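Trainee: For reference, the structure I am asking about is given below.
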């Protein structure tokens, strides 16, 4: 055809409409799955402040230090002087980790989403191999990995310490066969809960500071409103208000999975509810946030 002949005669590339001076990619085309993995890893590094100024690393470093150091110190003291801080168990550790997860989600979710919108790179993403669903999956996976590293690894460190410091590690493992499973379940549920809310809020603004402030403010104010409403009514259904007290849902999940004679964290509204109801709350929050985010990104060019 004339167009092909002209391109060949001029030494240009077939299909090249206008040469803007960009270097042509000559490597292997890895495909959609590789693009999703690359975006996930890129989002993790961005949230951790990799290859950014040192100020971007302050929050991640602080949160990881606050998560791991208390566990390491307690294990070290127990190894040197024997059993101490008997009240420091998985339940109390998770109660302490919950606000750290909230802060991490508030800081990392906007870092993963807001810059892409502000810098207008979403059309570039969606013009290539990945779909909007792939994009959101990569962001959810990235934030889940980060939150999971705080929600799962410190309790696993405590578990390893308990095993090594036991008089008979094998006996301890036989007597506590489900501890690892409960740690994984709790860490996964808390990560999903905090990540879903953080990402859906960050999807509606291009300003990271605004997204973080709205996230923390929403959780705090919503819980205060629910608590005030519960104290103002006496109807039997007031107990179910505890299901929508978002700041308290993680505490209920922790107490449900790890049990114990004494509940930790904030007291429930009225009569304590069955733990599986809070599992449904986490599932509902994740589903609603996922649908809202997907619909939000369908509107992106």
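Placed from the backbone N, Cα and C atoms, the Cβ positions cover glycine too.
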Trainee: Between the candidate ranges 31-56, 135-160, where does TrEMBL place the transmembrane segment annotation?
Mentor: 135-160
Trainee: Considering only the recorded stretches 93-114, 135-160, 214-237, state which has the highest number of Cβ pairs under 8 Å to the transmembrane segment (61-81).
Mentor: 135-160
Trainee: Return the stretch with the most CB pairs under 8 A relative to the transmembrane segment (276-294), choosing among 93-114, 135-160, 180-202, 214-237.
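Mentor: Result: 180-202.
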Trainee: Please work out which recorded stretch in 93-114, 135-160, 214-237 has the most C-beta pairs separated by under 8 angstroms from the transmembrane segment (180-202)?
Mentor: 135-160
Trainee: Does the transmembrane segment (135-160) make contact with the transmembrane segment (93-114) through 3 or more Cβ pairs under 8 Å, each pair 6 or more apart in sequence?
Mentor: yes
Trainee: Residues sitting near the transmembrane segment (214-237): Cβ under 8 Å, six or more positions beyond its termini, same chain?
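Mentor: The answer is 102-103, 105-106, 109, 197-198, 201-202, 205, 244-248, 269-270.
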